[in-house]
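These features come from TrEMBL:
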| type | residues | note |
| --- | --- | --- |
| TRANSMEM | C:6-23 | transmembrane segment |
| TRANSMEM | C:30-50 | transmembrane segment |
| TRANSMEM | C:56-78 | transmembrane segment |
| TRANSMEM | C:90-112 | transmembrane segment |
| TRANSMEM | C:132-158 | transmembrane segment |
Amino acid sequence: MFSLLRSMWLVFLHMFHKRETYQYPEERAPLPARWRGRIALTRDPDGGERCVGCYLCAAACPVDCISLQATEDEHGRRYPEFFRINFSRCIFCGFCEEACPTYAIQLLPDFEMAEYNRQNLVYEKENLLINSEGKYPGYNYYRVAGMAIDGKAKGEAEHEEPPVDIKSLLP
Amino acid sequence: MSAGHYWLVIGGVLFVILNTAAGLIWLERRMLALWQDRYGPNRAGPFGLFIVLADTIKLFFKEDWIPPFADKVVFVFAPAVVVASVLLSFTIIPFAPNVVVADFNVGVLFFLAMSSMGVYSIVLGGWASNNKYALLGAMRGASQMISYEVFMGLSLMGVVIMSGSFNLSEIVAAQKNGWFILPQCVGFFIFLIAGIAETHRLPFDIPEAESELVAGFHSEYSGMKFGMFFIGEYMGITLISSMVVTLYFGGWLGPAFLPPVIWFVLKTFVFIMLFILLRASMPRPRYDQLMEYGWKILFPLSLVNLLITAAIKLLI
Amino acid sequence: MGVFFYITAAIAVFSTAMVVTRFNIMHALLYLIVSLLSVAVIFYLYGAPYMASLEIIVYAGAIMVLIIFFVMMLNLGPESTRLEKQWLKPGMWMVPALFCVILLGELVYLIAQNHTPVTGIKEVPPKAVGRSLFGPYILAVELSAMLLMAGIVGAYHLGRQQPKTLHRFLQSKPS
């Protein structure tokens with residue numbers, strides 16, 4: 001009996017507590033930097049797109065919402081011809097981000113993606129590609145991995161180490 | 001009392017009660033939010049007051065659906081019973097000197113009779129829905145309300161003994177020299193608890209119990225028929241609060257700097273807040289716990305209270 | 001007063017007739033409640049407000065709810081309605097109906113004989129009811145109290161549960 005009255009009193013005291021609500025449209029909840037929200041394709045520091053069309057994100061996607069077609073430009077650099085994410089299927093698991101070898105596909109802390117028309121939830125490459133380096137500023141995949149050009153294979157240029165032999169157990 | 005005054009009182013009471021019941025939708029949500037560190041409805045209109053309007057419009061325009069497996073006549077009839085019985089109970093409540101619809105000399109008994117009629121809305125609504133959750137809710141509601149009615153009546157009798165009348169105006173007048181809350185505080189607590197059970201409000205919302213029985217007896221109801229149950233519940237809160245005020249807290253009596261009606265409304269409002277606070281803070285008891293609590297604690301307690309009150313009245 | 005009486009009496013008679021003729025037991029019970037309510041109104045009209053309230057509280061409010069409660073538990077469906085229809089053949093209700101008609105005729109005859117219009121209705125306040133109950137009729141009150149006590153003791157005895165020591169799965173004989 002006493003505990004009931006005590007809990008009533010404690011609940012009553014909550015009248016004078018601060019309210020926890022975020023008044024959403026005016027006031028936004030601070031989202032952490034690694035919040036898994038809208039998926040975007042980022043660019044490298046030079047402004048070129050990072051995606052190399054390796055299909056790893058599409059393979060990793062558990063709901064198969066990513067579809068792309070890789071192609072090559074005149075220098076042999078692979079890039080996606082189209083890149084399409086169906087956000088009405090996407091579950092924002094972040095597996096695509098983990099799978100991506102070039103940090104191209106990233107989940108950004110943004111959730112305001114509601115649409116009146118379901119078809120509008122299918123984002124094409126021009127919708128996905130943002131003019132930013134995302135969470136990894138200054139990272140350029142080919143600067144780290146090296147790139148074979150005519151007459152020089154990987155690791156043969158100046159200030160380059162030979163690539164790691166992934167088949168060997170030795171360091 | 002002239003005829004014009006009489007019709008004015010009826011119209012005024014009806015207007016105030018229905019608007020209070022509607023306003024309680026907003027008030028309850030705001031207060032619950034306040035006690036849970038939230039804001040509650042605050043977008044539509046000043047302080048979100050227009051949510052009442054929006055809710056009403058929504059209820060009116062919802063499809064008035066009767067399930068094909070339901071007993072149609074009884075299904076339609078049941079929600080009307082709750083509103084009718086609660087509204088009829090309001091006729092006997094003295095809001096101020098001379099502001100009472102029917103100055104019945106068996107007012108208290110009439111209140112009890114009407115609250116026992118209110119059981120039918122739950123029972124019939126649950127039965128006519130032809131749905132197992134509704135039926136379970138109806139059975140729980142029937143047994144809960146019948147048993148709590150018993151101690152409700154018994155706890156009232158202490159007040160009746162002290163004032164020597166069933167007439168509510170006379171009961172209020174008998175409290176001129178001191179409210180009945182002091183000598184009848186046991187009766188007050190029993191009446192309050194039984195009143196909460198009678199309106200099947202939380203924590204005693206066992207007939208509805210949305211976590212176990214979907215929505216209990218009104219699972220199948222929609223539109224304005226559900227709205228009747230909804231409004232009936234809020235009117236029940238107002239009714240029990242105003243009965244508590246009339247019987248134990250001196251009704252419209254109060255210092256003269258405010259008119260009696262204001263005193264009555266203020267006191268009633270305090271008890272409505274108590275109802276909402278109870279909802280905000282109490283867990284729902286299990287069904288057998290509720291019945292056990294009623295029959296094994298409240299029932300003997302109210303009998304003892306009645307006995308002692310009668311003995312003291314007899315000796316003094 | 002007379003108009004109100006005739007309206008209420010008509011409702012009472014009509015609803016009572018409906019009680020007897022309904023096939024669906026729930027509808028029959030609902031009509032019975034209406035009948036009880038109209039009887040309560042008649043009590044009130046003829047100066048017994050206390051009796052009227054008690055009629056509603058006890059009969060319409062408590063006993064009928066209990067009966068409805070049990071009917072709900074019995075789960076009677078269209079099947080029972082069909083059975084009811086089957087039983088209600090003219091051969092079944094002819095004789096009781098005949099007796100009822102005879103009784104009704106006697107009642108009408110007696111009422112017609114004693115032709116004094118009801119005037120000067122004296123209202124019986126609750127206090128008077130209490131005084132007569134605990135004055136001249138104290139023995140009857142005490143006797144009925146004893147009867148109710150016996151009923152409560154019996155109900156407690158029937159409803160008492162044996163304390164269970166074993167889980168129901170472990171009990172050897174089904175209980």
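Cβ atoms here come from the backbone N, Cα and C positions, even for glycine.
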Recorded stretch that, among C:6-23, C:56-78, C:132-158, has the most CB pairs under 8 Å to the transmembrane segment (C:30-50): C:6-23
Positions whose Cβ lies under 8 angstroms from the transmembrane segment (C:56-78), at least six residues beyond its ends: 25-26, 29, 32-33, 36-37, 40
Surrounding residues of the transmembrane segment (C:6-23) on its own chain - C-beta under 8 Å, 6+ positions past either end: 29, 31-32, 34-35, 38-39, 41-42, 45, 81, 84-85, 88
